[in-house]
Amino acid sequence: MEQKALDEIFMKEALIEAAKAEEIGEVPIGAVIVKGGKVIARAYNYREATQRATTHAELTAIERACDVVGSWRLEECTLYVTLEPCPMCAGAVVQSRIARVVYGAADPKAGCCGTLMNLVQEERFNHRAELSSGIMKEEAAGILTAFFRKLRKEKKRLKQEAEHDATESNISGNRADDGKEA
């Protein structure tokens, strides 16, 4: 099977993880780590639930893969992730010696695998990862766009409810004051 077809198979697995994150109200980013053609670790964002900045999908997947292989060195592994890794996650890729990174959607705000900078291929580091981008990018970007659209809509609805409740409270308060002497 050619590499592009394999990349799509494993990116679909990462998208499944992203959907799990969305189901629990997390930013829908998913990751899987593959070694020898098999998924050895999978994870999704879990930052809101844990209130920990480090529970990104990539970091959790890297930790799990290290447990599976019994080493911090993931030299024969590929990381598939739905969104371009941030500086923290790109650094973890370098530190864990992951051989290859494949991501779906570019991240214009924090992407460190080519968009803002390219940490995983920085020549001054002692390790560089092969990089493939844009694999199933429409699907990966679509799940994020839909999530944030829904989040903004919910925030707007809650704001409108709060404004309505405040208006109702003021009206009720004014009615109660109408019959009282000053």
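Cβ coordinates come from backbone N, Cα and C, glycine included.
Taken together, the residues of the domain 'CMP/dCMP-type deaminase' (5-123) have an average pLDDT of 98. Sequence annotations record features per position, and here TrEMBL assigns domain 'CMP/dCMP-type deaminase' to 5-123.
Annotated Zn(2+) binding site per TrEMBL: HIS56, CYS86, CYS89, in sequence order. Other Cβ atoms within 10 Å of the Cβ of CYS86 (Zn(2+) binding site) number 21 in total over all chains.
Other C-beta atoms found within 10 angstroms of the C-beta of GLU58 (active site, proton donor) number 28, with every protein chain shown included. Mapped onto three states, the DSSP output places GLU58 (active site, proton donor) in helix. The annotation active site, proton donor is assigned in TrEMBL to GLU58.
According to TrEMBL, the region 'Disordered' annotation covers 158-182.
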Remaining residues near the recorded Zn(2+) site, that is with C-beta within 8 Å of the centroid of the site residues HIS56, CYS86, CYS89: ALA57, GLU58, LEU59, PRO85, PRO87, MET88, ALA90, ALA92, ALA110
What is the separation, in Å, between the Cα atoms of CYS89 (Zn(2+) binding site) and GLU58 (active site, proton donor)? 6
